Amino acid sequence: NLIQFGNMIQCANKGSRPSLNYADYGCYCGWGGSGTPVDELDRCCQVHDNCYEQAGKKGCFPKLTLYSWKCTGNVPTCNSKTGCKSFVCACDAAAAKCFAKAPYKKENYNIDTKKRCK
């Protein structure tokens with residue numbers, strides 16, 4: 001679920017940036033998404049959005065699905081092995097790892113999405 005996803009982000013980035021900093025970034029980080037991603041981090045969010053969309057097509061509710069995971073050496077690892085729990089956990093873990101690798105550019109936080117995300 002979204003709280004677990006936030007915790008995964010903290011795991012992967014070693015707590016260097018609050019999870020909420022990703023909630024309004026670029027064209028895809030946060031609710032919805034459109035246009036061309038503004039950078040590598042925004043692309044991570046686009047991939048995550050697409051993963052959640054695929055989960056929805058499988059009959060899952062990714063923003064609400066509780067799963068089992070652990071943080072080992074700043075790497076989120078899924079314990080859930082089947083069904084929606086496994087699928088959603090994999091979406092979140094991949095995104096958290098992607099976020100940790102991508103540069104965070106403050107100028108892409110809280111952008112005017114109407115102008116920049118066409």
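Glycine residues also receive a Cβ, built from the backbone N, Cα and C atoms like all the rest.
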Further Ca(2+) ligand in Swiss-Prot, beside Y28, G30, G32, within candidate set D39, D49: D49
Recorded disulfide partner - C98, candidates C11, C27, C29, C44, source Swiss-Prot: C44
Structural state of C78 (disulfide bond), classified by DSSP into three states: strand
Among D49, D92, the most crowded of the recorded positions [Cβ within 10 Å]: D92
Top Cα neighbour of C45 (disulfide bond) in the set of recorded positions G30, C71, C84, C117: G30
Shell list (Ca(2+); ref centroid = CB of Y28, G30, G32, D49; cutoff 8 A): C27, C29, W31, G33, C45, Q46
Least Cβ-crowded entry, counting other Cβ within 10 Å, from the disulfide-bonded residues listed as C45, C71: C71
